[in-house]
Amino acid sequence: MNPGVTTLPATADCSSPTAKLSAYLGLTKPKIVLLELVAVLIALHMATGYGAPGSPWSAALVLATAVGTGLVAASANALNMWVERERDAKMPRTMGRPLPSGRLTPDEALWFGTLSLALGASLLLSFTTPMATFVAVFTWLVYVAFYTPLKTRTWLNTAVGAVSGATPLLIGWTAGGGELTHPIAIAMLATMYVWQFPHFMAIAWLCRDDYTIAGYEMSTKLDPSGRWAGLQAVIGSAILLPVSLAPVLWAAAAPVAYTIVVGLAGVAMLQSSAAFLADRNDALARRLMRVSLLYVPVWLVALWCCVG
Ligand code: HEM
Ligand SMILES: CC(C)=CCC/C(C)=C/CC/C(C)=C/COP(=O)(O)OP(=O)(O)O
C-alpha cells in the first residue's frame, strides 16, 4: 500500500546534530519543494527574458527567489506536519516522519515553521517584488489554512490543494517582473493545476487504506472502486494536453520541438490515466504516479528551451 516512502523506526536516534538536521530536512518534504523550485526558477527565467538585452535577470534575484520560496514552502510543509502529527502516526506511509517518530517535538516544528515563513517572506520582499511575496504568502495560506483542514472534511480538498501546488510558479514569474495576466503565465498555471489530478488520484488509490485509517476524505473513500479517482485522472490528463501546448501560440523559439516533446509526454499521461481507469490496480496506479513525476521536469525543460 505504501508507494515508496522510507519510514524510520520510532526509536530512531536524534541526539546528534546531524540527526537533528536531517529531521528538520524531513519536516520540509524536500522532494516536493525541490520540484516546485525547478518550476519557480524556470518561470523566473522565462519572465526575465534571460539573456535578452536589458533583462532584469541577476544571480542575486535567482538566489533570493529560490531561498525565499524554499523557506516559505518548507514552512508550509512543516506546519502541515504539525497539524497532522496525530493522523500521520496512524499511517504506515507517514509514521516515520519527524513528529510521529519523536525525532522532533511539536514545539520545535512549530518554531521552525514560524521562523522559516518569516525569513522566507522577508527575503522575497527585500530582494524580489511585493507581488511575488504576496503570491508566496497566498500559497502558504491556501495550503496550511484551507487545504490541510479540508482533507478531513471533503474529497473536494484536492481541488483546493492543487491551487497551492500550482501558484508557486507565479512567485518565479512575478519575481522576474512578469504580469499575472500574461497568457504564458496563465497556460503554465493551468497546466500545473490540472496535472495534479492524475498525479494525486494514483496516490489516492495507492494510499487508500492509509487515508481511511487516518480519517481523510479522499476520492477513493467516496468511491472505493476507484472509478471516480480514475475518471478524474483521465479528465485532468485530457485537459492537460491542449492546455500544456497553448504556450506555443504566444512565444516559441522551437514550436515544433515543444509540441512534439510536450505532446508525447501528455499522451503518456493520458494513456496511463486511461489504463488506470480501465483496470484499477496498484501496478497501474504506480505507473501513473511515476509518469506524472517524470512529466513535470520534461514539460519544464521543454518550456525553458523552446518557449522561454
Ligand atoms: C493536490 C496536490 C497534491 C497532492 C495531494 C499530492 C500528494 C502527494 C503525496 C501524498 C505524495 C507521497 C506519495 C508517497 O508516499 O510516495 C506525493 C509525492 C510526490 N509529489 Fe505530490 N501531491 C500534490 C501535488 C504535487 C506538486 C504540485 C508537486 C511538485 C511540483 C508534487 C511533487 C511530488 C513529488 C516530487 C513526490 C515524490 C516524493 C517522494 O518520493 O518522497 N506533488 N504527492
Ligand atoms: C511557496 C509555497 C508555500 C509552496 C507550497 C508548495 C506546496 C506545499 C505544494 C503542496 C502540494 C500538495 C497539495 C501536496 C500534498 O500535501 P499533503 O498534505 O496531501 O501530503 P501528505 O499527506 O504527504 O502530508
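Glycine is no exception: its Cβ is also placed from the backbone N, Cα and C atoms.
Here is what TrEMBL says about this protein:
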- 32-51: transmembrane segment (TRANSMEM)
- 57-83: transmembrane segment (TRANSMEM)
- 131-148: transmembrane segment (TRANSMEM)
- 155-173: transmembrane segment (TRANSMEM)
- 185-207: transmembrane segment (TRANSMEM)
- 228-250: transmembrane segment (TRANSMEM)
- 256-276: transmembrane segment (TRANSMEM)
- 288-304: transmembrane segment (TRANSMEM)
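For the transmembrane segment (185-207), the partner stretch with the most Cβ pairs below 8 Å, chosen from 32-51, 57-83, 155-173, 228-250, 288-304, is 228-250. Most Cβ pairs within less than 8 Å of the transmembrane segment (155-173), among stretches 32-51, 228-250, 256-276, 288-304, belong to 32-51. Through the fold, the transmembrane segment (256-276) approaches residues 195, 198, 201-202, 205, 226, 230, 233-234, 236-238, 240-241, 244-245, 247-248, 284-285, 287-288, 291-292, 294-295, 298-299, 302-303, 305-307 of its own chain, all at least 6 residues removed from its boundaries and within a Cβ separation under 8 Å. Each of 57-83, 131-148, 288-304 was scored by its Cβ pairs under 8 Å to the transmembrane segment (32-51), and the highest score goes to 57-83. Tertiary neighbourhood of the transmembrane segment (131-148): same-chain residues 65, 68-69, 72-73, 75-76, 79-80, 83-84, 117, 120-121, 124-125, 157, 160-161, 163-164, 167-168, 170-172, 174-175, 180, selected by CB-CB distance under 8 Å and a gap of 6+ residues from either end.
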